[in-house]
Amino acid sequence: MVRLNRRLLPIKAHFFFFMAAMGPILPQLSVIGKQIGVPPDVMGYITAALPLLYVLAKPLVGFLADYFTSLRKFIFIALILIMTLAFAGFYFLPDNSHFIPLAEGSAQWNVTLLGNPNDCNAIIQSSKAFCQTTHQAKCIQEKEVGEFSALIVANESGLNLNQNLLHGNESYHICLTQPATIDWINASCEVRHVNSCIYGAGKFWLFVCLLCIGIVGFNVTNSISDACCFDLLGDEEQEKYGAQRVWGTIGFGATAMLAGIVVNWWTTDAVKSLTPALIIMCVFSLLDLFSVSKLKLPKLGGSESIWSDVWQLVRKPPILVFLFFATMAGIIDSFIIYFMFWHLEQVAEATGYMHQIKLIEGLVVAAECLAGEVPFFFYSGKIIKKLGYVHCMSMCFFFYAVRLSLISWIPNPWYLVGVELFFQGITYALCYTCIVAYASAVAPPGTSATVQGLMAGMDDGLGFSIGSLIGGLMFKSLGGRESFKYFAIAAICTCVAHIVIRPTSRKRQFLPKQGYAPPTEQEIKQPPAQEMDEIRLG
């Protein structure tokens, strides 16, 4: 008969409610940006800058939690509240309806000019409906070098402009923003949102501010959650971390699927309303605040010099090597997290599945969490104990390469459900547990939150920043399929490098917690207790 450990019930409840609140929102962040007209490369710049904030925020807040031990619960609750209010602010983003919809923020049009365009009239840019009726374009005649810059204006502008451009079955007005001599009939135009309508609009900067506060709040809270969980478990039960964290996966997957179904039912338009997702988030955030208020965190002995102890730790070669590969894991994860759904929606548009896209996205996240992550989080402690950190990380990088290759291949969106079902657990779940468990194993007494913040800062901080920047640029220039293919190549190269480099650093890769000792074939001769203390103190 399974015995319920009441002492750990509040931390299980926290993981469940906390991640359940995020399930409807986190996978949709890039889609929200897309819906307000943010191009993929600009979204990449934003998501690249964000992790730099929590590279600093995670260790800093972790230090505060370690230093002011009596205020840990208050810091915890404040972070959750700030994060929830920031994401709830997406509800107040102004409507971005446009009379000339562009699915990806830009589009390539083959057009027919019904007359030579003239210079743009000043009344177009002074129109109150300018941003809802106008796009900018760069047009070039087929097999010609010259190009001209123009504005394309919808009929709904109400300015009685002549319709001198034909695209498909629709006619528009086109005018020149720069003087040019045009004597063309057919042309190819790259059409995109007017820059001033995106970056000069309050909704863009409101989106950026809310995204910054919400994402930083989520990531810092996640790091503090891990530190508190390991503190509650103590040295003897470290391998039970995955059994606590798995409840977060269950919550995330359940609400992601629920939100996908509800949003799909709530709105029938191509642009879906996020209102149901925000309501689900707020309900579970309130339940999370209640569960955290019931946490009984143990009284811990503090470190006399937190920064000095942590600095002595990160100077050691095996720790530096581990931090490097944790950063590589973050680079790969960030590309999947921020651009997988963008790629999925491109595939959906090409194959005619856009009417089912939110349902598919919800099922993808449910497959990742409920079937993919649950078993690997639950058994991660035993897997790490059996294989050791080195082999676990190498295995994760290998399966990242397989996963990325399959994502680049999917012929229609439904295939992604199966890919994520089989590969999310053995990549993200096992790799994440390996990183946080290692951080707990090597953290000097009284520095758990600081070391967790540092390790996580390299993984989903610096790693996410680099991955988002590179991913955004690649996605714009190469498209989704080619970008995922190149990331797959990078993942297999990282796997080989990890196999070659990590074992060379094992002579001093001490693992002080017995619950995560290396297996027999990787056994490391431990120094005596007194010498171990000298190593740890530097």
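Cβ atoms are placed via backbone N, Cα and C, with glycine included.
For 10-485, the entry in TrEMBL reads domain 'Major facilitator superfamily associated'.
The annotation region 'Disordered' is assigned in TrEMBL to 511-538.
If you look up TrEMBL, you'll see 12-30 (among others) marked as transmembrane segment. Residues 43, 47, 80, 84, 87, 90, 211, 214-215, 218, 221, 225, 229, 244-256, 258-259, 274, 276-278, 280-285, 287-288, 291-292, 294-295, 337-339, 341-342, 361, 364-365, 369 of the same chain lie 6+ residues outside the transmembrane segment (12-30) yet bring a C-beta within less than 8 angstroms of a C-beta in it.
The annotation transmembrane segment is assigned in TrEMBL to 42-65 (among others).
Look at TrEMBL and you will find 74-93 (among others) tagged as transmembrane segment.
As annotated by TrEMBL, transmembrane segment applies to 204-225 (among others).
Annotation comment: TrEMBL describes 246-267 (among others) as transmembrane segment.
What TrEMBL lists as transmembrane segment is 273-290 (among others).
According to TrEMBL, the transmembrane segment annotation covers 319-342 (among others).
Among the features that TrEMBL reports, transmembrane segment is placed at 362-380 (among others).
According to TrEMBL, the transmembrane segment annotation covers 387-410 (among others).
Under the heading transmembrane segment, TrEMBL lists 422-441 (among others).
The transmembrane segment feature in TrEMBL is assigned to 484-501 (among others). With a threshold of 8 Å between CB atoms, the same-chain residues lying at least 6 positions outside the transmembrane segment (484-501) that come near it are 321, 325, 328, 331-332, 335, 343, 390, 393-394, 397-398, 400-405, 407-408, 471, 474, 478.
The stretches the transmembrane segment (273-290) and the transmembrane segment (204-225) are not in mutual contact, being linked by fewer than three Cβ pairs under 8 Å (pairs 6 or more apart in sequence). Comparing 204-225, 246-267, 319-342, 422-441 for CB pairs under 8 angstroms to the transmembrane segment (74-93), the maximum falls on 204-225.
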